[in-house]
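K.L.:
Got a structure here, written out as structure tokens. Questions coming.
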Amino acid sequence: MAQDLIKEQLQGVNLFLIGMMGSGKSTVGPLLAEQLGYRFFDADVLIERVAGKAIADIFAEDGEDTFRDLETEVLGHLAAQTRSVIATGGGVVLRRQNWSYLHHGLVIWLDGSLELLLARLQGDEARPLLQVENLEERLGNLLAQRQPLYAQADLRFPLQADQDPLAIAGELLATIPGLLKPQCSAEQN
């Protein structure tokens with residue numbers, strides 16, 4: 001019942017999940033979408049489909065700029081959708097053009113601490129930006145660079161190490177109506 005009310009208040013607006021790699025966007029996103037009766041899209045999966053290769057291969061063969069171009073292209077298509085929860089890549093916030101697409105929906109920042117991200121990403125060989133000798137230093141630098149950009153989100157959701165993804169989705173659902181009320185009031189004035 002509460003989900004029906006939230007769906008009505010959202011009026012089909014997309015939810016964009018942003019945050020560092022390892023913050024759980026691709027895990028929480030489908031749960032949130034299911035509870036809302038929305039579709040779920042993982043931008044990284046779509047980028048791989050468009051490119052016809054894995055993200056690691058895009059970085060290795062074509063470079064980060066090509067990956068970011070594909071990311072912007074895919075995000076533009078996703079922003080045109082409605083009733084969707086979209087898990088974005090961690091660096092989506094780096095390009096100003098991407099923000100014009102993100103602002104077509106509600107932007108939710110899943111904010112994980114450096115310690116939490118380190119624990120989740122240790123030994124992950126699929127992420128090209130993390131193939132370095134000092135993972136903690138690399139993650140810390142990326143986090144410092146991106147935090148001010150993530151802070152532009154409509155909602156910051158601080159993550160705890162022991163949180164269940166389903167509980168996170170539930171807490172987000174409970175928070176969303178409070179974000180929408182001011183938007184509705186502003187439109188009526």
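Keep in mind that glycine also has a Cβ here, set from the backbone N, Cα and C atoms.
Note that the structure is a prediction, hence the values are computed from the model and not measured.
In case it helps, Swiss-Prot gives these features for our protein:
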- Gly22, Ser23, Gly24, Lys25, Ser26, Thr27, Arg127: ATP binding site (BINDING)
- Ser26: Mg(2+) binding site (BINDING)
- Asp44, Arg68, Gly90, Arg146: substrate binding site (BINDING)
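Tell me about the surroundings of these features in the structure.
P.N.:
DSSP gives Ser26 (ATP binding site) a helix state. In sequence order, Asp42, Asp44, Ala87 are the residues of the chain that are 6 or more apart from Ser26 (ATP binding site) and have a CB within less than 8 Å of its CB.
Neighbour list (Arg68 (substrate binding site), Cβ cut-off 8 Å, at least 6 residues apart, same chain): Gly91, Leu94, Arg95.
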K.L.:
Expressed to the nearest Å, what is the distance separating Lys25 (ATP binding site) and Gly90 (substrate binding site) at their Cα atoms?
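P.N.:
Per the Cα atoms, Lys25 (ATP binding site) and Gly90 (substrate binding site) stand 9 Å apart.
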